[in-house]
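Colleague: Pasting in a structure now, in structure tokens, and then I'll have a few things to ask.
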Amino acid sequence: KIYERCELARTLKKLGLDGYKGVSLANWMCLAKWESSYNTRATNYNPGDKSTDYGIFQINSRYWCNDGKTPRAVNACHIPCSDLLKDDITQAVACAKRVVSDPQGIRAWVAWRNHCQNQDLTPYIRGCGV
């Protein structure tokens, strides 16, 4: 599913991401835009460590989910990676909460550091009523 911007903003807010661990909704929206263009089905393979990034937040199979093909995977979210590709993003959000609970927080995502850090993020939620 490719979310419309305000639809995603409302969904993420409903699922409790706004302000979670001090991360604003606009930051999550920026992250989702740059990681997946709001597409729940996005996948990207990383040849270096043979891991794959899954879903709207591009959550990685080395640490966070099990895809049955990543060497030395940890599966800290205790889910199959396929759960991160569903139209219903409840489990993807739950896993993102787990990721951001680690010490580096939202800085765990390179796309956030490259595109969202120290930027004006208001356009990501403007006009959405959130």
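Glycine too: its Cβ is placed from the backbone N, Cα and C atoms.
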Colleague: From the disulfide entries in Swiss-Prot, identify which of CYS81, CYS95 pairs with CYS65.
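Modeller: Recorded partner, per Swiss-Prot: CYS81.
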Colleague: Would you mind checking which of CYS77, CYS116 shares a disulfide with CYS95 in Swiss-Prot?
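Modeller: That record, Swiss-Prot, gives the partner as CYS77.
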Colleague: Say which of CYS116, CYS128 is recorded by Swiss-Prot as the disulfide partner for CYS6.
Modeller: CYS128
Colleague: Rounded to a whole number, how many Å is the Cα of GLU35 (active site) away from the Cα of CYS77 (disulfide bond)?
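Modeller: Spelling it out, the Cα of GLU35 (active site) and the Cα of CYS77 (disulfide bond) are 19 Å apart.
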Colleague: In Å, rounded, how far does the Cα of CYS30 (disulfide bond) sit from the Cα of CYS95 (disulfide bond)?
Modeller: 17
Colleague: Restricting to the same chain and to sequence separations of six or more, state which residues have a Cβ under 8 Å from that of CYS81 (disulfide bond).
Modeller: THR52, TYR54, ILE59, SER61, CYS65, ASN66, ASP67
Colleague: How big is the Cα-to-Cα gap, in Å, between CYS128 (disulfide bond) and CYS116 (disulfide bond)?
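Modeller: Between the alpha carbons of CYS128 (disulfide bond) and CYS116 (disulfide bond) there are 19 Å.
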